[in-house]
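Per Swiss-Prot, the feature coiled coil maps to 69-118. Taken from Swiss-Prot, the feature 4-carboxyglutamate applies to Glu71, Glu75, Glu84, Glu88, Glu96, Glu98, Glu102, Glu103, Glu107, Glu110, Glu114, Glu117 (among others), supported by similarity to another entry. Annotated region 'Disordered' per Swiss-Prot: 58-116, in sequence order. Marked as signal peptide by Swiss-Prot: 1-26.
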Amino acid sequence: MKRNQVLFLTCAAAVVFLAVLHVGESAAVRSKDDPAPDKKESLKSKIFMQGSEASNFFKKRGKRSPKSQDEINAENRQRLSADERRREYYEEQRNEFENHVEEEQDEQEERSREQIEQWRQWHYDGLSPSYLYQRQNI
């Protein structure tokens, strides 16, 4: 009889143990409207790379290894385009400054011409012909 009791207690303990494990697993499963799968996906994206990144991962060179011709060409293209942009910028600035200086000189000439003309009109005595008629055609 003792043997039957031990067998019964062992089976009962196993059933209780399996029931506890089943409840534990079902509690670990999340419901569908839970936002946790998004976290799982973001964690997955942090751990795993995209295919394009993974293919380039092993192609990356070390710090001391020589550059490939493609890298050298790409760097030269970037350098040349930066130089061209810088050249265009400074040329534009120089043209704007030259235009500004030219306008200032034209305004100054206009003002001085007006002042000279006013002075001549004020000092004209009426006896000799006016300055306008004394201009020499070159």
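We number each residue from 1, going along the chain as drawn.
Using the three backbone atoms N, Cα and C, a Cβ is placed for every residue, glycine included.
Where Swiss-Prot records a feature, it is marked here on the structure.
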residue : record             : Cβ contacts under 8 Å, 6 or more apart
Glu71   : 4-carboxyglutamate : none
Glu75   : 4-carboxyglutamate : Lys67
Glu84   : 4-carboxyglutamate : none
Glu88   : 4-carboxyglutamate : none
Glu96   : 4-carboxyglutamate : none
Glu102  : 4-carboxyglutamate : none
Glu107  : 4-carboxyglutamate : none
Glu110  : 4-carboxyglutamate : none
Glu114  : 4-carboxyglutamate : none
Glu117  : 4-carboxyglutamate : none
Limited to the coiled coil (69-118), I'd like the whole-number average of pLDDT.
95
Three-state composition of the region 'Disordered' (58-116), taking helix and strand from DSSP:
48 helix, 0 strand, 11 coil
For Glu103 (4-carboxyglutamate), what residues in its own chain, 6 or more apart in sequence, show a Cβ-Cβ distance under 8 Å?
none
